[in-house]
Amino acid sequence: MEKFNNIAQLKDSGLKVTGPRLKILDLFETHAEEHLSAEDVYRILLEEGVEIGVATIYRVLTQFEQAGILQRHHFETGKAVYELDKGDHHDHIVCVKCGEVTEFHNPEIEALQDKIAEENGYRIVDHALYMYGVCSDCQAKGKR
């Protein structure tokens, strides 16, 4: 995404445009297929020569989550990871050996969740599905 669009996105979210916010948003745009922790963000920005405090990163990530720019997840590692909220629903399969995260969408699972909710008198407003297993690479390496 272009910097102009990032500025507009921050303003549309009611956030003041600041250097740290732009850097962090740009980082998530360039790593759009990854799930990044606050520590990952800090490490990547340091490698790029950007001086920013860890507390600032945590604060910006929280603000972005509240503004609907990022989604937060808690996978097997126990630490929060973030990804851009692209507006599309998807679920996750996480490798318990190497931490690889695979996103997927399955209409059959979605329909079954709706059916279960309806049978129990609920209407789903949100959900998160995390499946844990061993990826094919780790299986091949014998990390069962």
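Using N, Cα and C of the backbone, Cβ positions are placed for all residues, glycine too.
The Zn(2+) site in Swiss-Prot is built from His35, His92, Cys95, Cys98, Glu103 plus one of Glu47, Glu83, Glu110, namely Glu83.
Among the candidates His74, His127, the residue that Swiss-Prot annotates alongside His89, Asp91, Glu110 as binding Fe cation is His127. Between the CA atoms of His89 (Fe cation binding site) and Glu103 (Zn(2+) binding site) there is a gap of 10 Å. Annotated Fe cation site His89, Asp91, Glu110, His127; additional same-chain residues within 8 Å of its Cβ mean position, judged by their own Cβ, are His90, His105, Ile109, Gln113, Ala128, Leu129. Local packing around the Cβ, expressed as the count of other Cβ atoms within 10 angstroms, is greatest for Asp91 among the binding-site residues Asp91, Glu103. A count of other CB atoms within 10 A of each Cβ picks out His92 as the most crowded of the binding-site residues His92, His127.
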